[in-house]
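Annotated features in Swiss-Prot:
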- H83, H182: heme b b562 binding site (BINDING)
- H97, H196: heme b b566 binding site (BINDING)
- H201: ubiquinone binding site (BINDING)
- 33-53: transmembrane segment (TRANSMEM)
- 77-98: transmembrane segment (TRANSMEM)
- 113-133: transmembrane segment (TRANSMEM)
- 178-198: transmembrane segment (TRANSMEM)
- 226-246: transmembrane segment (TRANSMEM)
- 288-308: transmembrane segment (TRANSMEM)
- 320-340: transmembrane segment (TRANSMEM)
- 347-367: transmembrane segment (TRANSMEM)
Amino acid sequence: MASLRKTHPLLKIANDALVDLPTPSNISAWWNFGSLLGLCLISQILTGLFLAMHYTPDVESAFASVAHICRDVNFGWLIRNLHANGASFFFICIYFHIGRGLYYGSYLYKETWNIGVVLLLLVMMTAFVGYVLPWGQMSFWGATVITNLLSAVPYVGTTLVEWIWGGFSVDNATLTRFFAFHFLFPFVILAMTILHLLFLHETGSNNPIGLNSNADKISFHPYFSYKDLLGFAILLVALASLALFSPNLLGDPDNFTPANPMVTPPHIKPEWYFLFAYAILRSIPNKLGGVLALLASILVLMVVPFLHTSKQRTLTFRPVSQFLFWTLIADVAILTWIGGMPAEQPFIIIGQVASVLYFSLFLVFFPLAGWAENKILGWS
């Protein structure tokens with residue numbers, strides 16, 4: 001008789017996704033990040049739910065309610081620190097996951113990849129509205145600066161900004177709706193994640209050599225379920241260590257000051273995981289141009305599959321493209337550093353050069369390198 005997990009309508013879906021899933025036998029630890037992102041999402045939803053039980057989305061009491069959570073609620077300080085630093089780990093895992101996809105040509109599964117890019121945008125929006133909720137100085141001014149960018153949209157810009165604000169400045173209406181969005185988006189992300197997996201399981205996983213692995217597949221459980229558990233343990237230990245030993249390491253000291261519309265902080269900057277995009281935004285002296293570049297810095301990922309010129313899928317056997325890939329990683333690191341620096345020389349010019357290089361790598365150098373490698377191998 002067939003086992004219940006293979007016949008029950010609900011269990012069968014879980015079984016096909018987590019137990020009997022045929023998986024390439026040679027996938028490396030870089031394939032762990034998908035499940036780690038699932039863990040991050042569940043962790044963020046749970047800690048966020050408990051925070052929402054005690055948080056007050058009102059300009060008069062938001063800052064005090066966060067202080068109340070940290071001082072008076074049972075383990076509130078821990079829940080808050082896990083949630084704030086969990087966001088950082090979420091983005092670390094996302095960037096590793098995207099890097100893996102770029103290195104091993106996973107973007108050739110176009111539907112899965114494009115849903116992934118939409119997921120990235122959703123997570124970024126969620127993190128942005130979440131950062132506003134403690135109503136500290138950087139929360140308020142970050143919200144003011146970033147929402148103000150929409151005023152660069154021709155003709156309807158100002159109306160659009162005031163519509164999002166719910167008034168003529170960032171105020172109570174803004175905070176209330178941002179809290180509503182921050183509560184809603186994670187569940188949208190959860191639904192999109194299921195779609196992401198659905199499309200992935202249509203094709204099966206890619207693998208480090210990028211060749212068809214149908215002849216050599218093994219079941220996901222127990223081999224990769226246990227491999228994932230090791231990743232879970234490492235992530236949770238790292239998150240707990242950061243949240244317990246140095247919870248404010250990645251935060252901004254300005255956010256310990258309650259929001260004051262009359263005092264502008266000397267350097268307005270977002271959380272570290274947005275700094276690369278912020279640097280690209282700032283490197284263009286025109287407001288609308290900067291906003292378009294900011295959008296393009298993420299949406300450029302959507303054109304990557306269409307610019308794949310190589311006859312090989314992965315970079316495993318392509319040293320020229322490998323060099324370009326690591327140049328891209330270094331470039332993003334430089335942009336992250338520049339994004340946290342004041343807008344003055346020499347940081348402006350470094351940011352502009354790094355921004356041009358960022359787009360050139362995606363749109364020019366990677367396609368050219370793929371074409372050249374085909375030529376060298378006599379495959380063209």
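From the backbone N, Cα and C atoms, a Cβ is placed for every residue, glycine too.
On a predicted model such as this, the values are computed, not experimentally measured, just so you know.
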Using a Cβ-Cβ cut-off of under 8 Å, list the residues of the same chain that are 6+ residues beyond the ends of the transmembrane segment (113-133) and lie near it. 55, 57, 62, 66, 87, 90-91, 94, 97-98, 101, 106-107, 139-140, 142-143, 146, 174-175, 178-179, 181-182, 185-186, 188-189, 192-193, 195-196, 199, 270-271, 273-274, 298-299, 301-302, 304-305
Measuring Cα to Cα, how many angstrom lie between H97 (heme b b566 binding site) and H201 (ubiquinone binding site)? 17
Could you name the stretch, out of 33-53, 77-98, 347-367, with the greatest number of CB pairs under 8 A to the transmembrane segment (288-308)? 347-367
Sequence-distant neighbours of H196 (heme b b566 binding site) in its chain (C-beta under 8 A, six or more apart): T112, I115, G116, L119
With the cut-off at Cβ under 8 Å and a gap of six or more residues from its ends, the chain residues touching the transmembrane segment (77-98) are 30, 33-34, 36-37, 40-41, 43-44, 47-48, 50-51, 66, 69-71, 116, 120, 123, 127, 130, 235, 238-240, 242-244, 247, 250-251, 271-273, 301
Using Cβ atoms and a strict cutoff of less than 8 Å, what residues sit near the transmembrane segment (178-198) while being 6 or more residues removed from its termini? 17, 37-38, 41, 44-45, 48, 52, 55, 57, 112, 115-116, 118-119, 122-123, 125-126, 129-130, 132-133, 143
Please report how many Å separate the Cα atom of H201 (ubiquinone binding site) from that of H83 (heme b b562 binding site), as a whole number. 30
Number of Cβ atoms other than its own within 10 Å, given for the residue listed as 'ubiquinone binding site': 14
Could you find out if DSSP has H196 (heme b b566 binding site) as helix, strand or coil? helix
